[in-house]
Structures are given as structure tokens and as C-alpha cells.
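Chemist: Shown below is the structure under consideration.
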Amino acid sequence: MVSVNGVPAARLPVTLPGEDRASRKAPDYLMVEQPPFDELMYTIGETIELSCAAEDASTTTKWCKDGIGIVPNNRTSTRQGLLKIINVSSDDSGIYSCRLWHSTEILRNFTIRVTDLPSSGDDEDDDDDDDDETEDREPPRWTQPERMEKKLIAVPAANTIRFRCPAAGNPTPTIHWLKNGKEFRGEHRIGGIKLRHQQWSLVMESVVPSDKGNYTCVVENKYGSIRQTYQLDVLERSSHRPILQAGLPGNQTVVLGSDVEFHCKVYSDAQPHIQWLKHVEVNGSKYGPDGDPYVSVLQSFINGTEVDSTLSLKNVTETNEGQYVCRANNFIGVAEASFWLHIYKPAPAEPVEKALTTSSSSITVLIVVTSTIVFILLVIIVITHLMKVPSKKSMTAPPVHKVSKFPLKRQQVSLESNSSMNSNTPLVRITHLSSSDGTMLANVSELGLPLDPKWELLRSRLTLGKPLGEGCFGQVVMAEAIGIDKERPNKPATVAVKMLKDDATDKDLSDLVSEMEMMKMIGKHKNIINLLGACTQDGPLYVLVEYASKGSLREYLKARRPPGMDYSFDACKIPAEQLTFKDLVSCAYQVARGMEYLASQKCIHRDLAARNVLVTDDNVMKIADFGLARDIHNIDYYKKTTNGRLPVKWMAPEALFDRIYTHHSDVWSYGVLLWEIFTLGGSPYPGIPVEELFKLLKEGHRMDKPANCTHELYMIMRECWHAVPSQRPAFKQLVEDLDRVLTVTSTNEYLDLSVAFEQYSPPSQDSHSTCSSGDDSVFAHDILPDEPCLPKHQQHNGAIPT
């Protein structure tokens, strides 16, 4: 091999005539002498400008760094024979060459060195200064130990990593590198390494997971040796569309002629393509024939994995007003944020004389209007006072429905005169009174509730059956009701009836009434448990809802796990129906549709889990207990202020730590429910104590992909578990995504029987009730898959949680 100015010549592989390249064991090389190297030195932040020219001006040239073609980006630009790099960093150090296009001929070579300080060429210059200060012999020592404190380095795959061990000594020490305790050289790694001895550094480009390990620099001279070990962790890139920082860019209103800036922060593992767009009109229309809006591209560029992009508009005019879009896309998908720019045009100033005249007139008008209003108010007060005295004598108390068996000490049921048949307003309003102790309601038989003809069912048409389950304050029984089905009024229908227990309090009564009224307002949907009727007159309160014969989704899935495993309920019993992968996707899709409907009704569930989804005889998923949620109307969050029982393992971090509930926190819970579905009723975070769970969630840990789950569905789960609530998908988006997955899924794709589900199941079950309302109830039985308040007698044939 030939060297030019101490630099090895280029090696070019040559294929001999008539020879198959693939058949050779090792390539032959043709030695090509390179032109001399121009050595140039720059300081971090400066601009590099290099040039070369071919003999023929029409010949195209290209630029390479360390033998690899240079791709223009936001810092690097190339033109015919010119290379420009702005804001250089130490990573820009290397060998640059100018070559003829489609040729191996090199026109010019440059050795570029980028240093930290203008006064020194490299780290070794500082070391020489240290050596000049003393004539004593000394062992090696670190010159910049503060830059070596970070010993654990984690980077995404395909990034460039550099380890540095700047040192000094007399005589000047040498440096070599070890990986996992063994000598490390370029041939040990695909892609090779770069050893920059003058900078005491090791550089690896485009790292991959196999590059993980411990890297040790050994610095030594004849008087001693020192070493430093770095741990490298290479993270797999996640397949995720770009993420835009919430709240950016925001709407702005500026004065005509001023300047304005919009910021858009983009996060993406894959390099994103970022565009700034403005909505425009074409021939008076904002939309094209295909329904897509017309837009003009203001800016467009490709950048790194974390980008803070800015759109600057100078001296804005009325034509700048309108809707804008920041759009980012990678090979996974697209994310965009719309915002508006409004232009304020100040009115021209009025002449001084006219302004004074207008001001005087305004004061006069104001005085006259104020006097008139005061006079009218005085007249109204006098008339009201005169009418009030006789009205007291003639007033008679209207008839009031009274609670005949017990007083409501803490809360009172107040009556409305209008029916709820044609109104979304609750018929029964709960008002809080000042008294307090949660009195027990023994032997409840009559309530002073108003008659609602739309929902009322005569007790004579209802036949109660066997109990289905009971909770902390209520119970559910199966029943036969006549007249529920309007098309077949004389045919009995099977329903579930919610009622209070004997030891229920007035608070429990209030909750059941509120749940009934909430179900009235929310309306009907195929994928929620619908209200069928109520018995409110001449006896205890009965709330009739749809009956789901196959019980909760969690028990439904567990009962249909593949046979022959230790986790089966009965090892000798084969499930009546075997689930396919499409069945599981269908379950997820139906629950998403139900939650999409509840979200459209401004209803936050707060306790979405497989145990609160019921399954009908036709395998229809129905969300239950949403009536216990809060109607948020104009406020998109509900902040819990009491220390009630909380389903910890299903709760979003903002709900867990800040007690803030939104539709976004319901989406997090839906992600956990997805995990339950694809583990066939597994317990989330198996084996992890609650205290440890808090810590793991804060650190960003998430559950692993279930065995019977595709990568696409797992990425949907991970999107539901995004740390930023506003970045989680809406239920509408989840419905669209799952509908697409459902469409392309085969109906014959059965589950993998080799997967053991015991890893997702708790080690034991406990059937007793844990209805404590104390602060510690959240942690009392974390090994159970359900929240701490469990039903006492859970059946599998249609029990509806209360």
C-alpha cells in the first residue's frame, strides 16, 4: 500500500475479466495514489468553505467525508465544486475529498480538525502546554475529568457515539481501547471504528444493538496507567409517527405591519419531513374536487430526531391572515397541528375637537341612562314589597312526595314538575344538606321519587329471580319483565335489576338515583349497558338494565383460554368456543366504539377495565358502570377530591398522582384493557407491588407486548400510554385504527397454544369483600387483578357490577 503525506492511499476493488465477483474469497485491490492533503483547523461554531475545480468546467463533482458521500441538510450545502458547512462541531472533523462524478479520480483532499477553543489545535496541544509547565516526569492523569462523569450513555440506533478520555503525562502516554475487557479494533465491528489518538477519542457511526457493552480506555506510559469505563446502551427505534409538543403552535393576533413567529416542536425517532402550510382559496373555493383543502407550502425541510422549527412572518399584511398548519411526517405516519393568525387593524385616530365633543355627549347619555335605571329599580322594589305581605297569607303549601320510611339526612331528593320524556335534564336532582353521619336505610320500602312515564314499569309486571352479584352498597338480581319490548309488549324479557341492600345509606340511595338519571341522559348505544326502565313508586327503587348472560369480559376471556395449561379453571374441561385473533380484535373494537359514544356525550368513565365490560349471549361487548361517571359538559376534566377506592393499575399517571380525570385518562385505561384482552384476562403489571408501580410509571416504564399481540396493536397500546395526555389518540381515532386491523385480519388465525398465560395471572384469588373506604384500601389487596372493592359473590352468568 502506498502512503501520501503519511495518509494511506485509497483501496479500490477490481474485478478481473471473466471472473464472478461473488466467487472470489478476497477482493483484489488497485492502488491509486491520492493528491496531497490540505490540513485545515476550525473552531466549534465556525463555517467551513471548501472548493475544488475540474479541468473541464462541465464535469460534475461530488464531495465525500471519510469515503462516504455527503448528503446536504440544514447545515451542509454543496454546489458545483463548493462545499459549505455552518456551525461546525467536533463531529465534522475528518478527511474530505472532492471527486469526479461516477469516477474514482480524486481532485482534492482536505484534513479538517475542529477544536473546542480557538487558541488550541486539539486536546494534545493542551497536553503539550501542561508538559511545558514542568520538567518532572509524571504518570498519566485526566485533563478534563468533569467531562468524563457520565459513564452510562443510551442512544437510539443509527446514531453516532464518541467516547473521550483526554489525558496528559510525561512522557506523553498512549491510549488503547477495550470492549467488555477485550482488545477492541476496527475489524471487530461491522462499519469499523475511528480512533482519534490526538483527541483521545473513539468514534462509532450508525450504532446498532450489537454495539451494546462496556468500553474502557487504557491510558499509560512507563510511570503508570489509568483507565475509564463507559457503558453503552443502544435503544431500538420505535415505529411511531412524529409527535408534536402540545400547545404549539398557538393562535396569535398581531397588529397590521408587525412581525410574528410560530414555533413547532417535533419529536421523531425516524428523521421527519417538516412542512409549514397555509390554507388558501383557488377560484373562490377552499377545497378541491377530492374534498382536500388547498394549501401553499411556505417551508419544507428534513431534520434530526428532535426539531424546534420556527415560521417567521415579517411586516404582516391582511393577506397573511388565515389558517396555517405545521405538518411532520416520517415513514410511519403524519402528525399535524393547525393554528390561526388574526390581523388587527387599528382604527385611525379622530381629530381632537371631534373626540372631545363625542366624549361630552357620551357622558350626558350615561348620566340619563343611569338615572332611568335607578328609578325603575326603585319602582320594582316598592311594588314587590307591597305584593309580598298579602301573598304570605294566601299561600298554601303544594303537595310534596315525602319519604315515608326514613329521612335523608345528608342529601335530599328534590322534585322537578316536568317529565324527562322530552328533556335531557335530570328528573331527580340531588342537593346536599348540612347534616352528616351516613345513616343506614333499613327496610326501605317507599321513596318520594317523581313518576317518569317514559321509564316507569309497574311492579306487577316484574318478577325477581336469582341474585347475580352484590357490591359494597347494592345488589343485582336477574328478573323477568313484561312490557319492556315495545314491539312485543306481552312477552317477558330477561333483565338485570339494580337495587339497594338493607344496610345502604342515604349516600348510596343518592348514587343509585344519580346513576339512573345519568343513564337517561346519555341515551342508548349498542356497546353500552342501556337503561330499560325503573320502579320508583310504592316500594324500593329498582333500576332495570340490559342483561349480559356471559358475564364480565375478563371472566369471558379467562374461561376461553386454550386448554391443557395449569391456569385453566378445569384442566379436564375444554372451552366451548375457541377464540381467534380476530375475536380479540373485535372485542377491542366494540369497546372502543362504546367509549367513543360516551366521549361524544361528554361522559368520563374513570374506571374502564375488562371487569366493567359485560358480554351478551351474542358476544356483544357492553360497557357498564358509566353511570357512575361525571357529566363534564363544558369542562373537560373532573378532579377527584375525596379519598375513595381507586383502580390503581388501570389509572393514568395524571389521575394517579394529581387526581385529574379526562377523556385522555380514559384512553390510558383503554390501553390497559387492550393488554387484558390480548393476555386473555391477565392481571396488569403481574407481581409488581403498588409502591413499585408508582416509581416505574414515573420513570416511563410500560408493560411488554403480550404474546398473542401483533406489533401494530402493541403500538396502539403504547400510544394510549403516552406520558403526555394530549398526545394519546382519541377514541374516534382508535375506532378507525381497529376497524382497519379488523378488516385485514383472518378469521382462522387461532391463538398460539404454546404460550403460557400463568405469567399474566395472580398467584391466588380472594372472594371476600374488601369494602373499606379508608385511605389504605387502595393498597390492601394489590395482588388481586380487580380494584380493592370486590364483589362478595361474583357469578359468571351476567353479573353487573354496582
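Cβ atoms here come from the backbone N, Cα and C positions, even for glycine.
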Chemist: Choose one of C165, C326: the cysteine that Swiss-Prot connects to C217 by a disulfide bond.
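Modeler: The record-listed partner cysteine is C165.
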Chemist: Pick from C98, C264: which one does Swiss-Prot say forms the disulfide with C52?
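Modeler: Record-based pairing for C52: C98.
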Chemist: Which one of N303, N443 shows up in Swiss-Prot with the note N-linked glycosylation site?
Modeler: N303
Chemist: With reference to Swiss-Prot, specify which of the listed residues C264, C472 is paired with C326 by a disulfide.
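Modeler: Between C326 and the options C264, C472, Swiss-Prot records the bond with C264.
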Chemist: Using only C-alpha positions, which one of N87, N109, N283, Y714 is spatially nearest D607 (active site, proton acceptor)? These are the recorded positions in the record.
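Modeler: That would be Y714, nearest by Cα distance.
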Chemist: Please report the DSSP secondary structure of Y714 (phosphotyrosine), reduced to three states.
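Modeler: The residue in question, Y714 (phosphotyrosine), is helix (DSSP, three-state).
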Chemist: To see if you understand the setup: which same-chain residues, six or more apart in sequence, place their Cβ under 8 Å from that of Y714 (phosphotyrosine)?
Modeler: K705, P706
Chemist: Looking at the glycosylation sites N109, N214, N251, N283, N315, which one has the fewest other Cβ atoms within 10 Å of its own Cβ?
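Modeler: Output over glycosylation sites N109, N214, N251, N283, N315: least Cβ neighbours within 10 Å is N283.
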Chemist: Between N251 (N-linked glycosylation site) and N74 (N-linked glycosylation site), how many Å separate their Cα atoms?
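Modeler: Distance (Cα to Cα, whole Å): 27 Å.
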Chemist: About how far apart, in whole Å, are the alpha carbons (Cα) of N315 (N-linked glycosylation site) and N74 (N-linked glycosylation site)?
Modeler: 25
Chemist: Out of N74, N87, N109, N283, the glycosylation sites in the record, which is closest to N214 (N-linked glycosylation site) when you go by Cα distance?
Modeler: N87
Chemist: Looking only at Cβ atoms, how many others are within 10 Å of the one on N87 (N-linked glycosylation site)?
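Modeler: Its Cβ has 12 other Cβ atoms within 10 Å.
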